Each structure stands twice: as structure tokens, then as C-alpha cells.
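Colleague: Input: one structure, supplied below.
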Amino acid sequence: MPIRNLPSHIFKPIANLERVRPPQAINNQPHLNLLYFQPFIPSPIARDLFKFLRNELPFYRVQYTIRRGPTETLINTPRYTTVFGVDETSIFIPGSQDIATTNPRPIGDDNASSESTQTQTSTPTLVESRTRAPPITLKDKTKYNHPPRPIPPCLDVLRQAVEAATADGTHYNFCLVNYYATGDDSISYHSDDERFLGPNPTIASISLGGQRDFMLKHKPVAGSDVDAGKPLKFPLNSGDMIVMRGETQANWLHSIPKRKGAQGSQGRINITFRKAVVPGGTNNYYRYNVGDGAVYRWDELSNRMVAVKKEKETEGEKESQKVNEVKVEE
């Protein structure tokens, strides 16, 4: 099912965001480097964007197994997830219809205008970044385990706004979206310090919908009391954004804990932008944020996410799958 473009009353304010106040720089703890925008998106726009994305995006409740010694454990992801993007070794380029009507720059190119990206309708093609050839690997192995999906225009305009607001040269190629339906949905303490993100990755995190506490604590350091303090707590409101930079991921853990009462009664969407540098990042993100289970869609009548039959592949996914099936003859 195609993801609609943002209506103009949401798109235009986001594409032309003006900072009412500068972000708060938080670097008063060891190895901590944050930018805290309160808000990044004005409240009325954040409210409408939350409703739009909850209605439009496909979500998943991913299950996977982990091995602890000889025992395999089934993990049920305690939130709804979805992901778009591809690592920097590949890129989406506009399809033939786009080339005839718009500037044929790669999808997500900052030099392309927001308006042309917003009106893109044809199917992008996934190619190697350097050669523009189909993405394949040697030794008769496909490059990607799941067909990557381009960041849709309704999220790409946010990516461009985030990059413009931070103005630190970071270019994001992945967008992960979490939906916390109730206070029982959560994410445990973790850090985004995987090698496929490169050294000192920058992660931008936008909150929409209900308020939830964002917790940070320093990783344990042997022989030191640097982690002895209480966790830091940020009650994130709709439209707020936290950008984690520098040594933060290497030294700090963050989480969204379960909550009861008022905080647990409202749905919340979290959008994170990041940059993966190798195919391992693409395979990781699609495995743990899409998986191979049912698709969930927001149902207005029941006011909840409902599982639908596995949706038909989009033309883009079919094309990507055909590309993945191409092998190199040895």
C-alpha cells in the first residue's frame, strides 16, 4: 500500500521550520553530548503529523530468537516498529518517470528541492553508490536479506529539516520509527554503538504524541564511580527532539521504560534518523524492525493497531528482490 505524501498544511511548516529558540546543549556529564530541542516541531503541526504517520505507515511486531549458550529464547519486541533507508554503499535513484519530470538526483540528496521530493510518484531503483550498478556481492551471495525501502517523502522532509537544524554535516540514510501504543510498550537500556554506524555516530530522535520519559545512564566503568549517579530523565513532549552526538553512544545507555497512569494512556511515535555505513546495518535494521511477520495498520474504528494479511510487495520491493537474486558468476 503506497504511503501518501504529507498534506500541505503539515508539509510546508516542516519544510520551512524556523527555530523559535536555540537547542539546549547538554554536556555537563562525562562523555555526554546532547542537543535538546523543546520543541523542534510546533505543537499543532506535531499533533497532525502524529495522526498522519500513525495512519499511513506500516508497522510490525517483530519476533526473533537469541541464543544464550545452548538455549534459544524467543523475543517479542515490546513496541511496533518500521524502518526505511539503505546504507551508504547503495542508493535509491529516481525511476524513469521522475527523470522525465524532475531533477534526476539520488533520492535523499540534500541538493534536491523539497517540493520535487514531495511530489515524487514513480518507483525508485536501488543501485550501488559508486557504480550505479545493481547491488550484488561476490561468492554467490545476495547483498541484502530484505529488500530495502526508500525513505518516503513524508519522512524525508523531516530528515532534511533535522540536518538543517543541526548543521553539523551529518547526512542520515536511515529512518527508524517506533510506535508505543500504551505504557506497556517500551525499549530497554541500550546504546546505538554498532560498528555498522561508524565511530561516534549521531542519532536524532523526534517524539510525537503522548509524553514519555527518556532515560539515560552512563555505562559501567571498571574501577570508577563515573556511573554512580542517578539516571538522567527527559520527559519528552510531542514535537521535542534529542540529538545524541560524539561519544554519547559509546559511553551511555538510553531507554523508554514502561509507564502507568497518564503517561501510559497515550500513544507515542518516536522517529530516529541515523547513518549506516555498511550492508550489515541494512540487514540488521530490517531484520529487527520489519522481520517476516504480519503488517499492522492503524484502525480508526477500534482505535488500535490491527494485523492485516501480509501486504503485497510494492513495485520497488519487487524490483529490489529481483536485484537481490542476481548472482556473480565465478
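Each residue, glycine too, has its Cβ placed from N, Cα and C.
TrEMBL lists these features:
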- 95-145: region 'Disordered' (REGION)
- 113-123: compositional bias 'Low complexity' (COMPBIAS)
- 171-277: domain 'Fe2OG dioxygenase' (DOMAIN)
- ASN178, TYR180, HIS190, HIS254, ARG268, THR272, ARG274: 2-oxoglutarate binding site (BINDING)
- ASP193: substrate binding site (BINDING)
- 310-330: region 'Disordered' (REGION)
Colleague: Round to the nearest Å and give the CA-to-CA distance linking the residue listed as 'substrate binding site' with ARG268 (2-oxoglutarate binding site).
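Modeller: Between the Cα atoms of the residue listed as 'substrate binding site' and ARG268 (2-oxoglutarate binding site), the distance comes to 24 Å.
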Colleague: Between HIS190, ARG268, ARG274, which of the binding-site residues has its C-beta surrounded by the fewest other C-beta atoms within 10 Å?
Modeller: HIS190
Colleague: By DSSP assignment, list the helix, strand and coil residue numbers for the domain 'Fe2OG dioxygenase' (171-277), in that order.
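Modeller: Taking the domain 'Fe2OG dioxygenase' (171-277) as a whole: 11 helix, 46 strand, 50 coil.
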Colleague: Let me know how many other Cβ atoms fall within 10 Å of the Cβ of THR272 (2-oxoglutarate binding site).
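Modeller: Looking across every protein chain shown, the total is 20.
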Colleague: The record names ASN178, TYR180, HIS190, HIS254, ARG268, THR272, ARG274 as the residues that bind 2-oxoglutarate; what is their largest Cα to Cα distance in Å?
Modeller: 20
Colleague: Including all protein chains shown, what's the count of other C-beta atoms within 10 A of the C-beta of ASN178 (2-oxoglutarate binding site)?
Modeller: 22
Colleague: What count of other C-beta atoms do you get within 10 angstroms of the C-beta of ASP193 (substrate binding site), across all chains shown?
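Modeller: Excluding its own Cβ, the number within 10 Å is 17.
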Colleague: Quick one: average pLDDT across the domain 'Fe2OG dioxygenase' (171-277), no decimals.
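Modeller: Computed over the domain 'Fe2OG dioxygenase' (171-277), the mean pLDDT is 94 on the 0 to 100 scale.
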